[in-house]
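Quick look at what TrEMBL lists:
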{"type": "DOMAIN", "residues": "1-141", "note": "domain 'Thioredoxin'"}
{"type": "DOMAIN", "residues": "387-496", "note": "domain 'ERV/ALR sulfhydryl oxidase'"}
{"type": "REGION", "residues": "536-592", "note": "region 'Disordered'"}
{"type": "COMPBIAS", "residues": "576-592", "note": "compositional bias 'Basic and acidic residues'"}
{"type": "TRANSMEM", "residues": "601-634", "note": "transmembrane segment"}
Amino acid sequence: MKCLGEFLLFRNDGGVRGARLYSEEDPLTILTSDTLKETLRNSSTAWLIQFYSSWCGHCIQYSPTWKALAGDVKDWEQAIRIGVLDCAHEKNFEICKEFGIHFYPTFRYFKAHSSSSDIGKTYRADRELQTVRQLMVNFLQNHTRDDWPAGCPPLEPARSADILSLMGLKTDHYTAVIIEDEDSYVGREVILDLMAYDGVIVRRVLNTERTFMEKLGISSVPAAYLFRPNGTHKLMDVQKSLRFFFSSFLKLLPGVRRKQGPSALENAGGSRGQDSVEVWKEFDKSKVYMADMESGLHYLFRVELASHQTLEGEELKTFKDFVTVVAKLFPGRQSVVKLLETLLEWLVSLPLERIPYDAILDLVNNKMRISGMFLSEKLQWVGCQGSRPELRGYPCSLWTLFHTLTVQASLRPDALANTGLEEDPLAVLQTMRRYIRSFFGCRECGQHFEAMAKESLEQVKSLDEAVLWLWRKHNQVNSRLAGALSEDPHFPKTQWPTPDLCPACHEEQEGLHVWNENKVLAFLKQHYSSGNISPKYTSSNSPDMLPIQDKNAGLSSDEKPQGNQGGSLAPGGFPTRERQHGLDVPREASVNARKEPKPSMTFLVLGFSSLDMSLCVLLYAFSCVFLMLMFFFFRIRSKRWKVRYNRLYV
């Protein structure tokens, strides 16, 4: 218990301060769903905002670059500001969906004086700070005179005549002139660097002004010329003709000081208080936990896919195939399996080429109150829990789900009969590949997976080979990400299964470690079989149902996992593996993707609410009664007519 107590202390210390990739100490603005629109509406500055997900491996890797950029351009805040918003936080699910954020990280530029309906312009970020800085300059120059940021000085080249008129002129400030070629950004960057300082004005002139350059004695560019307040002027003496040297020289001039007052706005939102510290759950590393896979399905259906307003074309086909594979192969509780099967039947029965995702979400949330159908809305990581909220979690659960599906396809080869996917050993892997390519939030992670698939996926010829292919690629990802920022220090990324879980899987030939793949295959089939899935920690909101058992769940005792039982944090345990490594994938999210039902719910994609359906039933009943009354009325009337006009008169 001493080790567990020490770890809980670690989480209480880091659970809040390290709960997100960015903190209030960073030189940027942390935005939330409560502050984003208000901050952007009619802002006096332009904004560059990163919509990220704290579970996304690429976002974690990019965070130092983004922090460095924010620090580098901190003096530009009166013209353009840097912000971040975490789409993996439950509070921000809806705003990210509203802004159409499908992949992470997504970078959006917002002009100054934007309207509340502006969702910004997307651009591709670069790891080179200089490239991103130059993009920011271009963004600023895309403003018109009407929407130009109020505090931003002019960035256009000055006329040489205006500069020459300063010779011998006494003023109350320095004037620095950067002479550069047309493609250079040095002058504009120095102008923005000095905009937060009093006592100096920076202008720029192009080197096409040959007469001007000759008069000042300038032979190479970029160069800087300084006009002092006393009327004297000379070439600035700096060691290197670089932005940093020019800016530093000017900031250190006598009488030049930072402007007083609120140079930076208060953070629009913070991460303090948004995260709750969860108690560590003890787990057996030789088990697979149903709570991890159900939590992964919750995030997948209610958050990741919910960012798409409609599904059509290739996306719709990919989604249908994915639901088919999961519904037929997922060895879950009966309540979850029934939901998946109902969703599959509904998708197959609809002859539509375009489906609003809200309609699918209504079925996932069981708005029609179908008995015995339930998927928990609570994130409950067990074997996939990390030492910090942004580590492991969803990526780990997705790997777990994928491994389970490939193993179940091998153990139950007839499960996909009559689905159009039968007799295809690549069916599960190709479906996973298309899902990752179309929907997975971390785009760079998806690109890595696609590259691996292109390299060797076509070599898979059997269901057993599919199981081993995914295992090999998972270890390949694990090796690539070892030591990366997305690695959980308490669950280092190692080659899995570790020797304590499967001693027979490891061999040595000529002094080198080799895998016994026959033993690995047997281990994988046992590890991801229904009999090895623990229901511990699953939600009790719905009656627990035992997993669907497969006939091949049992293996010999020497193939079953050996080693420590319990939640040891020592490297090399099961958590280390795939739950840890992954598609560089996401983590985070806290539950209830949707807290409140919408005023009107789509029903069978036709847009009817439950009230609409009730009114339809009442109207139908009333129409039946009315028609019956009309029938009897005319029936009686026709009989009277026959009696009156069909009498025999003598």
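Here the Cβ of each residue, glycine as well, is placed from N, Cα and C on the backbone.
Automatic, uncurated: that is what TrEMBL annotation is.
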The domain 'Thioredoxin' (1-141) - residue tally per DSSP class, helix then strand then coil: 62 helix, 28 strand, 51 coil
Per-region confidence, the domain 'Thioredoxin' (1-141) (mean pLDDT, whole number): 81
DSSP-derived helix, strand and coil totals, residue by residue, for the domain 'ERV/ALR sulfhydryl oxidase' (387-496): 67 helix, 1 strand, 42 coil
